[in-house]
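Take a look at the structure set out below.
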Amino acid sequence: MHSLSHSTPQLIKATISKQVKKRPGFWLFMSMMLVNAGNYGFNVVMGRWLGPSAYADINLIITFFLVATFITSGLQMATARAIVGVNNQHMLTMLRRVAWVCGGLSLLGLGLFASIWQGLFQTTSSLPFIILGAGLTCYYALGVERGIAQGCAHFGRLAWNFQLEMGIRLLGALSLVALGMGVVGATIALSSSIILAWFRMANYQTNSIVHGTKQAIRMTAMIPIIMHLLGQVFINNSDVIVVKAWFPALIAGQYAALALIGRVVFFATATVGTILFPRVLNAPHHREQQQLFWHSILITIGIAGLITVVCKAIPTLLLGWLFGAAYGSMAHLLWLYAAATSCYAVANIIITYQLAQDRSFGAWATIVAGITQVVIIARFHHTIDHILYGQIGIMLGLLGILSIHEIRRSIINSAFATRRISSNTS
């Protein structure tokens, strides 16, 4: 009996390990859904416990963190790409240096100018900016370590690290806010989760010499990735920052809750792109790459469409259940935000596919769309409706341009292949 009970945990562990190895992409997807649920739980609890005005402050800190997240994602994608190159050790050393420089600049920018940020965004304290800066010193380096795991297709390791970060953030925030530390306590939990996740990831023994390609990775290969991620920063965060700077704290907090639910679409489908990128890089044939692309598109459309329909059907129930009655006045706008984010989620898959094939059209289109969004909502922000309609128009335009470009390229390639087959047979 003792022998049976002793072997049961080992059997369960072995079974789980076997399943993870058999379908690593699926398990990463499920894991990231859990991580996103935990991160949303963090935001929902903060919104309920702190109220709209104080929630606007912590949401601003989260927005700054998300800006850093997209920079970190750029380093992660660049590392995942570099890891398959013949000169990967040199590139990894350089990327780690860039990450630490970015961390130092973030600390200086947030720490030295904390009082300026406080006045500009009408927050109650400058301390959260300093605390966030301390956490961001390690965050970019964490992106490089995660990029190594992604490029090596170590999706299990990647998933566990994301879960560790989420768990520390959620439990730490719940404890510190319950003790009365408010926005400062939530920011301490956020920075602590970053530092501990980096410490754990950096301690892994990672093999960086893997299935090398014949082509060395050049510095210029990083430019489209940087442009893509910079466009993401503008598209996903500029509206929240403008609302925080130009509208009263109550409205800013309500809009932050609206944006949080609406952005579920993007973060729920982001893992699809995370899995698509290395698989396209390593796919030997163009036909296999196309299959991966279309599967990713269909999954993204399915998830985005479902979330948008739910936001249209029960907006008041969603906002009331998640955040409380104080946030309900913007419920009728929820589906519009979800629709705009859905367009961008599909566009993001197209761009990720292009980047994996060394094509930069989508990356440059993203930066143009991001800058256009900043200009439009900075110019037309008289009401929340104006901001949302501006975003929908820009995202529809971006998706339309990318779709036309991809379809046109596919038609040209098909015609060229047909002509080549005809010439060979004749």
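Glycine is no exception: its Cβ is also placed from the backbone N, Cα and C atoms.
Whatever TrEMBL says is automated annotation, not expert-curated.
Worth saying up front: this structure is predicted, and the values here are computed from it rather than measured.
Feature list (source: TrEMBL):
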type	residues	note
TRANSMEM	26-46	transmembrane segment
TRANSMEM	58-78	transmembrane segment
TRANSMEM	98-117	transmembrane segment
TRANSMEM	170-199	transmembrane segment
TRANSMEM	219-235	transmembrane segment
TRANSMEM	255-277	transmembrane segment
TRANSMEM	297-323	transmembrane segment
TRANSMEM	335-356	transmembrane segment
TRANSMEM	363-381	transmembrane segment
TRANSMEM	387-404	transmembrane segment
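Distant neighbours of the transmembrane segment (170-199): 38-39, 41-42, 45-46, 49-50, 54, 57-58, 61-62, 65, 123-125, 127-128, 131-132, 134-136, 138-139, 141-142, 145, 161-162, 164; these residues of the same chain sit at least 6 beyond its ends, with a Cβ under 8 Å from one of its Cβ atoms.
Of the recorded ranges 26-46, 297-323, 387-404, the transmembrane segment (255-277) has the largest number of C-beta contacts under 8 angstroms with 297-323. Nonlocal intrachain contacts for the transmembrane segment (98-117), taken as residues 6+ away from its ends with a CB within less than 8 angstroms of a stretch CB, comprise 64, 68, 71, 75, 123, 126-127, 129-130, 132-134, 136-141, 143-144. Here the listed stretches are 58-78, 335-356, 363-381, 387-404, and the one with the most C-beta pairs under 8 angstroms to the transmembrane segment (297-323) is 335-356.
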